[in-house]
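Enquirer: Sharing the feature lines straight out of TrEMBL:
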BINDING   F102, G103, S104, D115, I116, D117, D169, K230, Y239  ATP binding site
BINDING   D115, D117  Mg(2+) 1 binding site
COMPBIAS  10-24  compositional bias 'Basic residues'
COMPBIAS  503-516  compositional bias 'Low complexity'
COMPBIAS  526-539  compositional bias 'Basic and acidic residues'
COMPBIAS  559-580  compositional bias 'Basic and acidic residues'
DOMAIN    33-216  domain 'Poly(A) polymerase nucleotidyltransferase'
DOMAIN    221-350  domain 'Poly(A) polymerase central'
DOMAIN    361-417  domain 'Poly(A) polymerase RNA-binding'
REGION    1-36  region 'Disordered'
REGION    496-580  region 'Disordered'
Amino acid sequence: MTSYGERSIRIQRTRRTAPSRPKQKVYGPPPPTRDEECAQENDLIEILKSFGCFESYVELRHRENVVQRLESLFKEWLTEMCLQMNSPDIVPQKVGGKLVPFGSHHLGVASKGADIDVLCVGPGFLQRKDFFSSFVRKLKRQREVKDIRVIEEAFVPVVKLTFEGIEIDLVFARVARYRVPQEMDLLREDWLQGTDLHSVRSLNGYRVTEEILRLVPNVQNFRLALRTIKLWAKQRNIYSNSLGFLGGISWAILVARICQEYPNASASTLVTQFFKEYNMWKWPNPIMLRELKDCHFNLPVWDARVNLADRSHSMPIITPAYPMQNTAFNVTPSTLTIMKEEIQRGHTIACWSQLFEKPNFLRKYKHYVLLQATSATEEQHPAWVGLVESRIRHLVINLERNVLVTRAHINVQSYPECSTGNARAPVRTKWLIGLVFNEQGGRHLSIDLTPNLQRFSDIVHSVACRCQMFREGMSTSARYMSQKDFSWDLPQEPGRRVISEEPQPSVSTAAPSPTSHQATKRSRSPHSETSSKKFKSDEGPSEEVCLSQSKSGGLKRAHTPESESPSKRVRTDLLRPAET
């Protein structure tokens, strides 16, 4: 018999002589060391500082004081409304009220000069119209408040104002309760039961922001990575929800998902993985931070398995709070292609400075549509520009439906003209849409953009009339331009002239005065005349870009005081060289 000691020695010898396993092969570059990650992160922070992505302590305290001041005004207004309604004495004392910021301020990624999104929560016995009338009048009486305007027709009704130099977006929600305590947890789904749809949308702004912060494993790394992605999106002109790209909450959800996939990664690694993951992502597969959930409160919930309309969304990015919605609903095929190209570019770049380089929009395309919004005064212009800009996305969609247009790219940067010092001079803002045409239809193509541009002008006209926003001197116009029509590159500072002054054919619509609008109707005629003005290429196949200008009696031509007769028509054919 062998002793225990002899058996243990034999086992050890067997272990020593056992064949070793082959090492697993690792493909690609080795992962960065901890020191390399720290160096990359420090370089990233310095670049973000150079772009003004961080607020100073003084600026942050100023923002917090503004929010506190708005909260006290809102609670004062709730008490005043209870007294006006002859409520029992205990109601004004217990009504409470809650005001919380959301969006980039609540996420902790606000940059210098950024606005603040604020949610005001009131009791259910108040009417929504009271907030947009009585509370707005109270705000107008405050000397700190400037440039206040109400947009009740928006998807989420909002009050825009400037408070002590800081832009504020106020939204209102009322819950089915008689009092709103300060400690009220807005993440509880039962608060949504019996709440109107506008209030649910307003509440979801805060609820989605708070859920994102709770779902990411490391908030500090998430914030630094999100600051980087937001700066990159703004520099590359793909940061605008209203114009068909992605807004702040969509980019936050995309970054939060990368944080969930790599919980221990540094901020610089998260940015690298962001471009790698989404460069390979197969849209329209949805991005979700949690499983879909339906509380059966009879509220619309995004679910492509049930709703046929949701299957048509090009880029589903789903909110994590109930009722779950697609934050990228406005994305079009053209904007999706542009964002995919930018993500692919970001994936191939090795240094931070190249990542944030600005593109040259005037050198990217050969053909453009120039949109212009004109107002008579500076006071009217912000509201008019907001209305026109909110409808540009629909023009892009209509252009995409043209079989001869393969891409319509709206530049998110608008170009306001500089002030001439003359108080009576009109105020103008311009946008550019880059176009790529499809040449597969033949050697000589006639591309008529008139129906698309005229429909855009008609939609803006009808919406402005319905909102009673029209004032004398307001107008919109659209015209085709080629790359050679631009006199020089777009300037960095707003206000410098960037378009050559040579007259070009346009489709324009001017606002009638409020007194004459009720008595005028817009008529159409299928006939048009053709002018002799043509631009013809010297070589290669050619196509025609036609802009037919059709006006009806009683409508004024943009920038001219006289009205046009129904028989006056202008049609211009622009012969241009084919794309290479």
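Keep in mind that glycine also has a Cβ here, set from the backbone N, Cα and C atoms.
Bear in mind that the values here come from a model prediction, so they are computed numbers and not experimental data.
So where do these features actually land, and what's packed around them?
Expert: Long-range Cβ contacts of S104 (ATP binding site) within its own chain (separation 6+, distance under 8 Å): A110, S111, A114, D117, K230, G248.
Here D115 (Mg(2+) 1 binding site) comes close to I166, E167, I168, D169: these same-chain residues lie at least six apart in sequence, with C-beta atoms under 8 angstroms from its C-beta.
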Enquirer: What are the helix, strand and coil residue counts for the domain 'Poly(A) polymerase RNA-binding' (361-417) according to DSSP?
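Expert: Summed over the domain 'Poly(A) polymerase RNA-binding' (361-417), the classes give 23 helix, 18 strand, 16 coil.
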Enquirer: Can you check which residues sit near Y239 (ATP binding site), meaning Cβ under 8 Å from its Cβ, same chain, 6 or more apart in sequence, and list them in order?
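Expert: Counting only residues 6 or more apart in sequence, the Cβ neighbours of Y239 (ATP binding site) under 8 Å are K230, A233, F245, L246, G247, G248, W251, V412.
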Enquirer: Just checking, which of D117, D169 (binding-site residues) has the fewest C-beta atoms within 10 Å of its C-beta?
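Expert: Sparsest of the binding-site residues D117, D169 by Cβ contacts within 10 Å: D169.
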Enquirer: Could you tally the C-beta atoms, other than its own, that fall within 10 angstroms of the C-beta of F102 (ATP binding site)?
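Expert: Other Cβ atoms within 10 Å of F102 (ATP binding site): 24.
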